[in-house]
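First up is the structure itself, then whatever we jot down about it.
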């Protein structure tokens with residue numbers, strides 16, 4: 001059952017003459033409640049219930065004794081495997097929610113003394129968490145200030161190919177490692193999570209070195225390109241670890257000097273500042289990488305609890321990890337395939353992704369808040385239809401917010417390009433496509449939270465095909481090509497929303 005079930009059918013009908021709602025068992029209960037004829041002798045017998053609903057109430061009570069409404073009972077029944085068919089056949093109710101209403105009624109009111117959840121974090125703590133998450137976008141951009149100095153060393157073509165290749169590999173490796181680590185953390189296996197992150201970070205630079213050698217042999221760039229790609233993988237893994245352990249401040253302190261010197265070189269130029277920019281960036285990446293490895297070490301006072309072998313722990317997660325890896329590859333392809341042809345000569349198209357990257361922390365923050373706010377919604381509504389409506393209203397509002405944030409961030413960029421005489425219609429269309437991608441990534445976070453990685457991979461592949469196939473057939477120029485990309489992203493938004501329909505309204509996900 002999903003919470004989009006018809007409410008009218010879910011609620012047992014009131015007792016009427018000659019008819020009782022809720023099926024056979026409800027009719028039997030109603031008959032047993034009819035007034036019995038008075039007698040001169042009252043015999044007290046032990047109350048022995050043969051109603052299976054009473055047994056169900058006793059099973060549910062220890063797990064959910066403080067339920068505040070029938071919606072929470074329905075969520076528990078669904079998670080325990082009760083279906084609409086079982087509700088009809090075994091208990092005589094129209095569906096699971098009708099059964100939950102009766103179970104909730106028999107459980108009695110919740111205790112007014114014991115709170116049903118821990119008190120929320122204080123305002124200061126909530127603001128710190130919000131600022132920490134919002135900072136993720138700017139942290140992703142910090143190393144880009146060193147690109148002009150590196151460009152002068154390796155050349156534009158090699159730099160673009162190296163950035164795309166290393167970025168895609170780092171995206172996949174960091175995403176898969178983070179997912180596996182969070183799964184271990186959720187199982188209470190902190191050391192297993194730390195080992196996954198540590199060895200993934202150790203593997204990052206050698207993989208970057210190997211990939212850099214392949215790119216340098218095929219497209220040039222020399223040792224400088226190999227070093228840049230090695231450093232890029234090191235930074236991506238370092239940022240993943242420091243974000244996981246909530247050490248964003250360490251990452252910022254490591255890279256802000258590199259950003260400052262790189263920006264100074266971009267404005268003033270000169271060989272001295274070029275070498276300084278590269279040198280400070282190398283030191284910053286090395287510091288961030290060292291900090292990230294330190295974050296995985298055992299902290300003082302941490303309990304040394306035995307944990308299963310790491311490979312045994314990861315074996316049940318193989319399917320999910322394959323899905324996460326595919327999702328990372330598809331995400332990288334979706335973002336890079338449209339921009340790659342223009343990175344060599346169209347500045348307004350090449351920088352179109354900057355507003356999206358800057359606002360990814362905002363998108364992540366809104367997605368994180370969705371789950372807590374939806375749990376709170378289950379405590380305010382008492383009908384499945386109201387819950388589903390509230391969830392979708394919240395999703396629409398958050399998607400609009402995620403579209404507005406990069407749109408606002410894009411305005412100064414577009415104005416600056418226009419004043420410099422560099423803005424074209426294709427650049428505006430590509431920027432609009434990346435603004436739409438922010439909304440798509442918000443929905444992708446929700447789909448990933450429900451484990452729908454297969455849907456994510458398939459729909460992103462469809463979106464890429466919807467862009468590339470017509471563009472190839474039409475031999476599209478920049479304006480038509482970027483228009484097709486914008487259309488494919490908007491289609492992807494709709495496909496992601498469709499993927500949420502079967503899962504987002506199920507109450508058991510918000511217990």
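Think of each number as a place in line: the chain as shown, counted from 1.
Just so it is clear, glycine is given a Cβ too, placed from its N, Cα and C backbone atoms.
Keep in mind the model is a prediction, meaning the values are calculated, not measured.
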*Stretch carrying transmembrane segment according to TrEMBL (options 225-244, 365-384)*: 225-244
_Listed range which TrEMBL flags as transmembrane segment, given the options 129-148, 249-268_ = 249-268
*Considering only Cβ pairs under 8 Å, which range in 160-185, 197-219, 343-363, 426-446, 485-505 makes the most contacts with the transmembrane segment (318-337)?*
160-185
*Same chain, outside the transmembrane segment (453-473) by at least 6, Cβ under 8 Å from its Cβ: which residues?*
320, 323-324, 326-327, 329-331, 333-334, 337-338, 444, 447, 480-481, 484-485, 487-489, 491-492, 495-496, 499
